[in-house]
Amino acid sequence: MSRTLDRRQYAQIYGPTTGDRLRLGDTALVLEVERDLTTYGDECVFGGGKVLRDGMGQAAGAPPAQVLDLVITNALVVDHAGIFKADVGVRAGRIAALGKAGNPGVMAGVTPGMIVGPGTEVIAGEGLILTAGGIDTHIHFVSPQQAAEAIASGVTTLLGGGTGPATGTNATTCTPGAWNVARMLQATDALPVNVGLLGKGNASSPEGLAEQLRAGAAGLKLHEDWGTTPAAIDACLRVAEAHDVQVAIHTDTLNESGCAEDSIAAFAGRTIHTFHTEGAGGGHAPDIIRVCGEPNVLPSSTNPTRPFTVNTLDEHLDMLVVCHHLDPSLPEDLAFAESRIRGETIAAEDVLHDLGAISMMSSDSQAMGRVGEVVTRTWQTADKMRRQRGRLPGERGDHDNLRIRRYVAKYTVNPAVAHGLADEVGSVEPGKLADLVLWRPAFFGAKPELVLKGGLIAWAQMGDANASIPTPQPVLARPMFGALGRALGATCVAFVAGAALEDGAVQGYGLSKRLVAVRGCRGLGKRDMRLNDALPRMEVDPETYEVRADGELLRCEPAARLPLAQRYFLF
């Protein structure tokens, strides 16, 4: 006996399907489901009187290698590669397959390797959005409490540097020296996120740089507060080329050792990741933003300037003074701070993100940025551009899928590619670590419902633990079993340079996390930034700070109101 369901009925039971549209949070962004990998009439649904029971959707006697440890049923996947509905299968902490799960003995179209058996746990994904765990590549490790804020926001990988609230760490994302790298790998072993450390890259000779990589750094960071001279840039990049690691750079705001063109010349066509590319967070004033037009530069933003609002300029001065050890009573320190803050370039940054010319988003945690707002600020920027610029020219249909895919790539796949993490994290595809985030559409971009680390729930919206059911207030983002005990180490990764594994010292640190070498960091270019590979010809007027891309003036008004803001965080 067959029965026909209208779209509303179907979505209520099984979640949205091909052609259905829904809004992301309270933004102006609307997605449309592009395809559905499940099978109509044979959908997997768990619960009393439902499908995933023995002999029905659950198979008996299947080979263990084909049985899933976890199935997320009927989830709406939002990834750089597409927006589609699927069952998501997890085995041994990794994504096993995307498609149709269930019992092939009685169900049509079950994807190979997606059998539901007696060893399978289930998460009901009907009506939920699933994304890859976010990656924040600009972490100042000022306090360990950042990890809780990050994972609660949907970020599962932290890459950066520091040793705690030291003056150097407050200003620069560097973990300097082999001893500090070793201690910080041991300290961050207790954090329920993947971690990679950046060593100090400021040296005009290579010896001290390579030593940090052998000790376990996953890359190097050049920062102006340590002296980002052309000689230091060249030496750091030479070491990176020899060791297949990424270099991140914060250039010389004061233009003491050279201007933007001098740093670009020092890059010499070699791959480099430019932090806070607009410049309010630091960099050649006023035209570091020019690097968005360089094919070897992988540009990112930090979230204090995301998006441009009526409050952005005012809040930056105090942040700069604190983070960079400045004295506001000294005219030269005040001039240094004020030289960075330019409404014209911040406005242009919004537009460059929308064009796909700035490829990544990050936080600058506790050093002008907010670690728990990478995801939120990304979608606020997307919303602002949707309202101010309309649909992207390449959209096909009455939706914002291209823009949504472009913006999700900025904090998932692109930072993974840039820093050599993409074999493990950054996208929802088979073989990747099951770092997955589930969202209720109304709360998308603000409050994840569940955060999985390596296939185990590590953080979740959870009610009163003394209640009779999980939902009574106060419902808060709380740590779950995946963030505890030895499960933490079994579901997280410590990223290191390949030289560290070859040297062998890092294996003696006693880490519980799996050690993974970064790879594929060199020879990258803007062309490798998914959906964010635009290479406009950039011009910056040194007097007015006006920014042009391919001759077009980049301008937008500051926002007075944003989505995903106070209404989501009253409690």
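Cβ coordinates are placed from backbone N, Cα and C, and glycine is handled just like the others.
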Site co-member for Ni(2+) 2 according to Swiss-Prot, given Lys221, His276, out of His243, His250, His316: His250
Same-site Ni(2+) 1 binder from Asp6, Asp350, Asp354, Asp364, given that Swiss-Prot records His138, His140, Lys221: Asp364
Rounded Cα separation (Å) that holds between His138 (Ni(2+) 1 binding site) and His276 (Ni(2+) 2 binding site): 9
Residues flanking the Ni(2+) 1 site, with Cβ no more than 8 Å from the Cβ centroid of His138, His140, Lys221, Asp364 and excluding those residues themselves: Ile139, Gly160, Gly161, Thr172, Thr173, Ala248, His250, Phe275, Thr302, Ser362, Ser363, Ser365, Ala367, Gly369
Candidate with sparsest Cβ neighbourhood (10 Å radius) among Lys221, His276, the listed binding-site residues: His276
His140 (Ni(2+) 1 binding site): tally of other CB atoms within 10 A of its CB: 27
Integer Å distance between the CA atoms belonging to His250 (Ni(2+) 2 binding site) and His140 (Ni(2+) 1 binding site): 13
